[in-house]
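Please read the structure below before turning to the comments.
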């Protein structure tokens, strides 16, 4: 049950003006709170970006992308285009969110125990290695070889959005495997970015960045749970990373890994003290009036708020703070300013014969499917791990198809792989969009229509 919602307020103390505003905002709030709202927004903005890049708006669109934005404090300055501010600065918050999800899964989620983690880890490894090899088979030499990391990633937001549309066609445990697989994929992508897509290293800023990381670890070890301290030092680490040659977004992941995941109070302690506070609140003579009329009531609420914060882990609080701005502002901005690719029909024949197109498309659509499904089958055959009892082999095939939705992370890697190579970058982006759409359509249709009657097969093993 949900508490403290706008709807409950409307039934009691809402003024006529509040009711009118609430009614106007209701569709917007429902969209923001829907599980697939972010995915719908990303699809819409992808279309908008493509329209901008292929109409008379193209000149304006590119001018905005290349607009310089200077941040200066004394002699220190960072001067980048809006495009790079989004990709190197704002996307650091996306990678911070990714890092928080990785740490959560490794601590208490599906990756917390080796027994539960084996299947998604092997599936993710298969889903990274096979697409990279397929890409390399088409691009074994020349300047396009650097794009091998593009088809390795899975866009978790889009994959989960497709599963939500299917409502019950996939077992919950297999859905959890896909989520864990995508998180391991993200971890792999971060490692690839940090190691293989790094410019010439500047050692002084890099050492300073890792000193910041060491300070964050010491804060964690010392029981410091103030989020502002981690954000401040993490921001400083981002600046050093930016000048070090390592991609600055790595600072987001490192900050996440150093964020504490232990609370001050246990649930039992919180429950006991919160009940005492609420009893005092109810017994107070001013409890029937507005809190603004009583300092004592306000003090009780402040104590309750402090208790709530100290019962939540800093990691959970930061993840909650970041969730809406990351998925409804930062990632949409990234898509809007990175998915706009100018398509020249005159060059369509050359595009279709491009080794980049072949490597990315076959890597995402077929490489992911082959890699994920083969890894799961090998694990089950060798009894390294068991297929979830409520899952079927047909569902595993569908999950393998959905893993080919690269989108956000693939576009991000393509920007690094083909920096300064406009033609190859355009080819990669067009192919990522086409391949992700193909993988999503195949996965959805397979799980919707082919596995529709497969519920009775629940419990069958992959060997069948």
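For all residues, glycine too, the Cβ spot is worked out from N, Cα and C.
Check Swiss-Prot against the ranges 176-196, 281-301 and you find transmembrane segment recorded for 176-196.
According to Swiss-Prot, the feature transmembrane segment maps to residues 37-57, out of the candidate ranges 16-36, 37-57. Per-stretch counts of Cβ pairs under 8 Å to the transmembrane segment (430-450) identify 360-380 as the leading one among 37-57, 176-196, 360-380. Of the candidate ranges 226-246, 360-380, 396-416, 360-380 contributes the most Cβ pairs within a distance under 8 Å of the transmembrane segment (118-138). Taking residue pairs at least 6 apart in sequence, the transmembrane segment (321-341) and the transmembrane segment (176-196) share fewer than three C-beta contacts under 8 angstroms.
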